[in-house]
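Here Swiss-Prot flags 12-240 as domain 'ABC transporter 1', drawing on sequence analysis. What Swiss-Prot records for 44, 45, 46, 47, 48, 49, 50, 51 is ATP binding site, and it gives sequence analysis as the kind of evidence. What Swiss-Prot records for 266-506 is domain 'ABC transporter 2'.
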């Protein structure tokens, strides 16, 4: 959007930005504009170049060519410190906090004294509707609260250009609405917001302007209301995409059968029985999951879902109750023994807990099973394993020794799934598998999960995206304040019912809810 002498220049004007890594072109002469008081949404598939472009604007990476202007003034040799001085702040998709510092120390870190105003910080927190304990260590926060701390760091720096990379990926609907209210207040003050998201309804709700990146270029750009949802999706993934895995992919994905057999699956015996289990953040939880079943676990942030998953995996202590895996009592087992028995956990935060970002791809996939192979590496075996999962999961990478951190978010998530599958699970606990993943990669991951379940693996599927819980799960348990507030199956499995139960509204939801809840109670009594 060019400006004239009568109109003020754009807040941010990017012209002809290009970038290569090791001879591979990742940005091709990008033009991008942000006006004061505007939300400019940026979409694109994983690897489209969104993060690279934003890192250049934030001074993290230098461009190979092109210019960046703020208020019409060219910015040369931009660095993160200089970007902060100019009012540019990038809130990353994966929170980058100091785990051993308090929330307050993280928010005020490296702020000049004249900006380190605790009263202002308290006012901002109140306006966001946040109830963060400023004294606790940031490492103790869940991902949603860590994201809010990152946003607070930007707001405390009086940012005029706020880059939000998937800011709502781990937020509840209520937290998302509060964030949007705060963004709208900032817009009235002339702040411009670059909003990176894969959630099209949010973009429709918030963004004035939308740009779609594909293969390092701009495939579509204009006023949001000028484009239909289908047009935007087509710009992201123009090729007609088959939603089913090919027979070849299914063959490559076939898991070893020593832990799962047709006879065992047909016996209808539960793979896992959780009996009146209590631990940090939850109490008196009972349920069963059978071979080939996908059990959805829904609830708002803080409901205790991740705490329950980590306790089942042995990362947190049990304070009461029992866990049986195929009639073997694993309640007192260490994590390594649970893993060896067939209980595998895909964590919520792939970068902090799931993958070794600076290690090679092949080593990451092999890492869960290395304890069974001794201390020596097996390059040929690692290469063969990675190649199998590359074909099965369509993981895109350049070479085997490539560090994980160089992959896009969707490919990192597929690599984490490969790592979990190589451990040969009986029960796979999947926590937020599509957080920060684009539309195309989400479809891939859904099909992968269904294919895994079809091989008689029991799956516990945890997600804050209630629509995908309904889409993926055979049954749904809803948690509220650490307890099961409802069990749903059949026609009772819908977003509205789950939302009511997630907020503790114990209204009668019909016979499917009643029968399913009674079933959950019976499962606890059967241990």
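Every residue number used here counts from 1 along the chain in the order it is shown.
In case you wondered, yes, glycine gets a Cβ from its N, Cα and C as well.
Each of the binding-site residues 44, 45, 49 was scored by how many other Cβ atoms lie within 10 Å of its Cβ, and the smallest score goes to 45. Proximity of residue 48 (ATP binding site) to non-local residues of its own chain (separation of 6 or more, Cβ distance below 8 Å) is seen for 213, 214, 215, 216, 236, given in sequence order. Note on residue 47 (ATP binding site): other Cβ atoms within 10 Å of its Cβ, all shown chains, come to 21. Sequence-distant neighbours of residue 51 (ATP binding site): residues of the same chain at least 6 apart with a C-beta under 8 Å from its C-beta are 93, 165, 408. Around the Cβ of residue 50 (ATP binding site), the same chain contributes 42, 43, 44, 165, 196, 213, each under 8 angstroms and 6 or more positions distant in sequence.
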